[in-house]
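For reference, the structure is listed below as structure tokens.
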Amino acid sequence: MFPMQFTNSAYRQMEPMFAPGSRGQVQPYRPRTKRRQEPQVGNAAITALANQMSALQLQVAGLAGQARVDRRGPRRVQKNKQKKKNSSNGEKPKEKKKKQKQQEKKGSGGEKVKKTRNRPGKEVRISVKCARQSTFPVYHEGAISGYAVLIGSRVFKPAHVKGKIDHPELADIKFQVAEDMDLEAAAYPKSMRDQAAEPATMMDRVYNWEYGTIRVEDNVIIDASGRGKPGDSGRAITDNSGKVVGIVLGGGPDGRRTRLSVIGFDKKMKAREIAYSDAIPWTRAPALLLLPMVIVCTYNSNTFDCSKPSCQDCCITAEPEKAMTMLKDNLNDPNYWDLLIAVTTCGSARRKRAVSTSPAAFYDTQILAAHAAASPYRAYCPDCDGTACISPIAIDEVVSSGSDHVLRMRVGSQSGVTAKGGAAGETSLRYLGRDGKVHAADNTRLVVRTTAKCDVLQATGHYILANCPVGQSLTVAATLDGTRHQCTTVFEHQVTEKFTRERSKGHHLSDMTKKCTRFSTTPKKSALYLVDVYDALPISVEISTVVTCSDSQCTVRVPPGTTVKFDKKCKSADSATVTFTSDSQTFTCEEPVLTAASITQGKPHLRSAMLPSGGKEVKARIPFPFPPETATCRVSVAPLPSITYEESDVLLAGTAKYPVLLTTRNLGFHSNATSEWIQGKYLRRIPVTPQGIELTWGNNAPMHFWSSVRYASGDADAYPWELLVYHTKHHPEYAWAFVGVACGLLAIAACMFACACSRVRYSLVANTFNSNPPPLTALTAALCCIPGARADQPYLDIIAYLWTNSKVAFGLQFAAPVACVLIITYALRHCRLCCKSFLGVRGWSALLVILAYVQSCKSYEHTVVVPMDPRAPSYEAVINRNGYDPLKLTISVNFTVISPTTALEYWTCAGVPIVEPPHVGCCTSVSCPSDLSTLHAFTGKAVSDVHCDVHTNVYPLLWGAAHCFCSTENTQVSAVAATVSEFCAQDSERAEAFSVHSSSVTAEVLVTLGEVVTAVHVYVDGVTSARGTDLKIVAGPITTDYSPFDRKVVRIGEEVYNYDWPPYGAGRPGTFGDIQARSTNYVKPNDLYGDIGIEVLQPTNDHVHVAYTYTTSGLLRWLQDAPKPLSVTAPHGCKISANPLLALDCGVGAVPMSINIPDAKFTRKLKDPKPSALKCVVDSCEYGVDYGGAATITYEGHEAGKCGIHSLTPGVPLRTSVVEVVAGANTVKTTFSSPTPEVALEVEICSAIVKCAGECTPPKEHVVATRPRHGSDPGGYISGPAMRWAGGIVGTLVVLFLILAVIYCVVKKCRSKRIRIVKS
């Protein structure tokens, strides 16, 4: 195969050169001659061909600049017909012909009649021809690297195509490179406008290009021809009218299709890039010395093109020995795939037209035909419908990822292959019969079953892919030539799914995707998609199937391509083992005794653990159709439930068609995470806390809710019984505590009053009125005469009252200000001594300079502490400076990032046992090798936990594959080791154990001053100084270094877990870490540690096998009861990123900020508005709702200007704004948030303050989807009526207590002076 390919236009240019006759002669018809057989290509022939190709390339390069020759051949001259003369009217022939055409186009009514064209193929050819006229090759270092296309008024080419356009007028033009796409454009000379193509809009339909059709659907461009290659970058994509809709950039495989990356255009020449992530730019590298590239394989010291060997020597059906030798000699060649396809398909010069022209279907046919390089085999099956047997469909291995239901099985037969090894239908099965011959059967009714019938997805060669339900055994059954065969083996099929949020089957109606692992069904040309085959083992057959004897004449029937071997003993000769390889042979033997017949296939087959160990030399490699790969899988997104609010709860209701996971977590320090699988009809009530809660329904985006203010039945502004109902529902603990204390005090007061009354009635009788009461009584009486003092009285009135009534209290109140005045006067008295050096001309001059400098650099500083919660409302403030217009300031947290410092200790995955086929020593002893890694099954694999045992007294007198005739002298070597599963190379199937040392916390804060936005990055370990537009911002450090990650974490797929994993080298069977490695070579790690509990057992004597047990994968067991991932349990609402390992948007901590605003940012007021006569009316109010209150403020403005409006009351935010003030009456309507049923806030407008007060109604909704700006009700609020009732009750109790205390004192005093009355 030569690398140089001619396009159609090149052929057209070279037609005159290759034509045998001149242009004016008629060329006779030449029938197709038989294709000449190609001679064997040697080194001398390759050199000669290289020289010829170099000369031919130079000739073609010279022809490229010449004028284009009409491709139409000479017209055939019609004999016996004279040429028509010109008409007598004197018209020229051209004018007459033009006139006739115009008349033909017009109908009877003068309308143009358009001919219908039923030749779509011709339209395609015309469009491609038009595209060729506007397409020019681009040469780079002597080779075509791509193409450039003239479209509209510009010439376009991909930016990755280097070189000059092969046209004198376009060679030196300068291109402009697009910023956001792989495209270059330039203007071309006006003389070439006739060659430019018209643009058209690329839509979802089928288009044309050089090699066939291109299908566009949902921004996915598929090359239906599959013939695109390097060097095609820049080729035009046209519609049937010849208009260009795009140019090709490159392509790549997408399953069985070829997907393209293109630049699409529209009618206005606007370009857009439709990229495919796995596409490779189709630019061609420069040729090296213009020599053809030949992919070389070797055979008998001769080199040849791997994809085109001489079919006389290579065809595996004609010369199987030569073909197998050729495959064996080129096993390590990187182009072995091409050689394998060539020797098994044996393509001729003319192929039969296939029904399906799909490249994928043709490629599948080649893959099936490649199985002709191997033969099927028979192996031991432990259960063939109740008994053990040697079965043609014996199950050798079963592979499962453990995370889904798909199984990959390997059997001894070959699916989709004919008896000779060619490609067959899906129901065909190639197998090795009991007679040692290879057969093929159609309509085999292949069935795979576990606990129920499996869905067979695909069967290629020895491998079957099926979707099976879980079970403890696996059965494969097929009908072969009318006989039903089945094989059952023990296999524990369990599905251990990783963390998932939905368990759907077929409900993938969304565009959401995620990385997943599956078995690849698209073979690729790489070593990963090949499997080794070894020398075939002999199978035992009955002697009558291969030898027939008549008296002393015996005939041996040898199946084609096999070797027959048996023991022969004649009458007068000793016993001997004879071998026959030809088709039919005859020998003479008197009284023959023929035993131990066996047939060995000439072609190799796969190594099987159910057969004894055979040859160790790899004979060939055949396709391995289903290796695991990481793919992008679509996932379902469950419909959201109906969400309603009831008090401070969220109600979810609906019907789930399949299991959906509902997870909740609080957004505070204690996440209190919950998870529940829901299916069918459901109704769930979820309480919402003031800190917030996060709900995640299936694969939908998380939803956040906050409880605003809880409310209750009853009335907070009514009588005591309604107050009791309200507060009992709202704050039951406080309400019942208050009722209990009040009842207790009343009971105590009542008891004391009763006791006092019973004692006083005797004292009053014995004592007369005391005109000089004791001082305590007088003092108690004087308390009633003390004037009351209100808290809202002026300070001077209070001082005057204290001076009049209590000199001691006055002195205490006056001591602090007097001390302050004394300190100030003392400092002023000594000020002259401190400032003496500054008095004078120098001092005053320096002072003036400092004052001037300070005045020039003066700025305004605003400080604030911002909570580090991106979900929190932004901080808003109005900056009021005397003499300047107000400025609005907004600060919000854009995101937070917690980045831990990690170290990968090891990775783990599913461990599997690898078994060396049994080494059987018949009538002799065998032993384990000193280096177990030299065993063939362990070669090329990373192994650990290797066990090798020698078993004696095995297989006594066993006939079959072992051929042991001894009873007790037979021995067997059994070797088993642990290795990594083939799924370990996929990221989603591998768990990584990290140790976390420290974490860095970063946040981005957006500061908006007026219309200017400044982004500041703040850190936990220092102060950040940033400058915006005339702003200087000093922020940080963040007040906490909180991290949701523990010291040990595990990452698997897209989830992260806090888990205390075992150290490296300390794994135990069946637990996390039973397979450990640190190497980045996941297929063959050189530091593998494994312990899967392998135990080698004594084999039973019914068949040759290796008996062992092991523990199932510890990773799969850990996934069964794994803790919840951090994406569910992380506190503070952290979002967890697995790769890289980060925690995002954690709502914890705060950051102090200082913002220096220069005077230049402020606008000086020319006149102060001086608002006066302020009045505020609360129009409406709902408490517990963001900006649920509305207020109207009226005031009089003395001058026009600007004023900032904001709230001075903590906990009652006002929608801050800057208002325009006009001279005269002004009205401002604003909103505020109130957390309580009664609101009283002070509003400041340009240093004028007005008080707004009113009553609020309960909110309609008590759960909100955004974090409220007002403070949540902590439970300590008591309404005004409740306070008055409570104050009245408490005051009454206090008065009663004081009265009782006075009575008690009076009684006590009276008792001390009472007169005892003695009856006479």
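Every residue number used here counts from 1 along the chain in the order it is shown.
The backbone N, Cα and C atoms fix where each Cβ goes, and this holds for glycine too.
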Swiss-Prot annotation, disulfide partner among Cys948, Cys964, Cys966, Cys984 for Cys923: Cys966
Swiss-Prot annotation, disulfide partner of Cys487 among Cys315, Cys346, Cys381, Cys633: Cys381
The annotated region 'Disordered' range in Swiss-Prot, which must be one of 17-41, 492-516: 17-41
Rounded distance in angstrom between the Cα atoms of Asn240 (site 'Involved in dimerization of the capsid protein') and Tyr207 (site 'Involved in dimerization of the capsid protein'): 7
Assigned element (helix, strand, coil) containing Tyr207 (site 'Involved in dimerization of the capsid protein'), judged by DSSP: strand
Densest Cβ neighbourhood among Tyr207, Asn240 (recorded sites), 10 Å radius: Tyr207
Mean of pLDDT values spanning the domain 'Peptidase S3' (134-282): 87
